[in-house]
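Participant: Take this structure first; my questions come after.
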């Protein structure tokens, strides 16, 4: 597995600088990868992989956490229309409890790459952990603010997960999933205390495991 020392200097790159430097190394099909939902008490962790055409412009695309829900949805549609390929993967609460959140996140990222209709020859990954694939790759801390491909993936992952959690609102009423998307806010914690965990709660997470009955 190859790694590149792309930025020996401290100069802050533009959102396409990582992609441009990787292309100059001879790679043509670069996938940005990010996840949404590592921290919540309920629901899956969702990962997205996005391959953008060379030179594409996506005004407004940045780290999904910095965008309003309305803007994220608008940019989701723009990315889906502009990208060369988009793949989405997920790991449910059961898998998270079984193998831990880090390994479940990497599994979701691996699945997202496998769902791409174009095989990538290089991966740019948000964070510090590499995906278990024999594809050249680089991890980038805060990559969703530094790479356009990763920023696009962060929006796809976030919107995809939010929509899934809104669907869970009707399947598991009483927890308020549409509002908090599974995060551990006061109202969600109160609902867990009153109703107990449901099927999509992460039963090894603090805030949930205290309410898991022994027979479960």
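Every residue, even glycine, has its Cβ placed from backbone N, Cα and C.
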Participant: According to Swiss-Prot, 34, 35 bind divalent metal cation; which one of 126, 162, 167 is listed for that same site?
Facilitator: 126
Participant: Including all protein chains displayed, how many Cβ atoms other than that of residue 126 (divalent metal cation binding site) lie within 10 Å of its Cβ?
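Facilitator: Result for residue 126 (divalent metal cation binding site): 27 other Cβ atoms within 10 Å.
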Participant: Cβ-Cβ under 8 Å from residue 34 (divalent metal cation binding site), same chain, 6 or more residues apart: which ones?
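Facilitator: Long-range Cβ contacts: 47, 48, 64, 125, 126, 143, 144, 150, 151, 153, 154, 157.
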Participant: List the residues of the same chain that sit at least 6 positions away from residue 35 (divalent metal cation binding site) in sequence and have their Cβ under 8 Å from its Cβ, in sequence order, or write 'none'.
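Facilitator: In sequence order, 45, 46, 47, 48, 105, 108, 109, 126, 157 meet the Cβ cut-off.
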